[in-house]
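Q: The structure that follows is given in the form of structure tokens.
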Amino acid sequence: MSEVTTAEFNEDGVYLRKVRSFVLREGRLTTGQAKALESFWPTMGLDYSPQAINFTEVFGREADTVLEIGFGMGASLVEMAANAPELNFIGVEVHKPGVGACLGEAGNAGISNLRVYHHDAVEVLENAIPDSSLARVQLFFPDPWHKKRHHKRRIVQPEFVELLRRKLKIGGVFHMATDWENYAEHMLEVMSAAPGYQNQSDTQTYVPRPDHRPLTKFENRGQRLGHGVWDLMFERVE
């Protein structure tokens with residue numbers, strides 16, 4: 001599970017400035033991850049700056065763009081990019097070994113429709129992603145911060161989902177997945193109250209795992225043990 005951001009939120013879901021140093025997320029790189037960063041960052045890495053990027057310039061084409069927040073080691077993100085060459089993918093991850101692993105897998109597979117940030121997700125969204133530009137935002141298995149006193153660290157909060165709404169196109173979708181039922185309920189509560197979104201579930205709750213989200217090894221194992229996974233998909237409608 002990825003912490004995806006160094007942000008913290010208050011009880012009303014208002015984003016507070018960073019509370020921990022980004023440097024703490026560097027982590028220890030394997031030799032392979034270090035080589036991947038050296039080899040593939042020049043072509044696939046996006047250096048953060050507080051100016052909005054131009055997707056057409058970044059990818060060399062016009063295509064719908066999907067952004068994933070906190071991709072972990074990147075295996076499912078690389079698989080999605082390989083399975084949907086017609087889409088652009090941007091991954092954001094604060095854990096450097098994960099960035100190296102993702103770049104290595106994508107680079108060695110010849111993936112050309114994926115770019116990666118090694119930075120805080122909230123800052124990337126606030127400053128580097130143009131408004132009304134994303135076809136989909138993905139948040140898969142974020143840290144659930146299961147202790148009640150840590151719930152303010154959960155990334156799905158009212159102000160954050162309003163930030164995402166600004167970045168999604170009309171018709172764009174925010175897709176979440178979690179294996180913590182309490183966090184799924186929290187996500188559903190926050191999203192159902194958020195203005196400008198429509199739940200894509202017929203029951204106004206959860207949706208079956210869509211084909212575009214790969215089934216992870218962790219998830220496969222959990223399902224055999226009877227563990228649940230909850231997917232939520234909310235469309236920006238205004």
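Backbone N, Cα and C atoms are what each Cβ position is placed from, and that goes for glycine too.
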Q: Taking E68, E79, E159, E162 as the options, which does Swiss-Prot list with E93, D120, D143 at the S-adenosyl-L-methionine site?
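A: Given E93, D120, D143 bind S-adenosyl-L-methionine in Swiss-Prot, the matching entry from E68, E79, E159, E162 is E68.
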Q: Using only the residues recorded as binding S-adenosyl-L-methionine (E68, E93, D120, D143), report the maximum Cα-Cα distance in Å, whole number please.
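A: Roughly 15 Å, rounded to the nearest whole number.
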Q: State the Cα to Cα distance, in Å, between D120 (S-adenosyl-L-methionine binding site) and E219 (substrate binding site), rounded to an integer.
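A: Here the two Cα atoms lie 26 Å apart.
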Q: So for K217 (substrate binding site), how many other CB atoms are inside 10 Å of its CB?
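A: The answer is 10.
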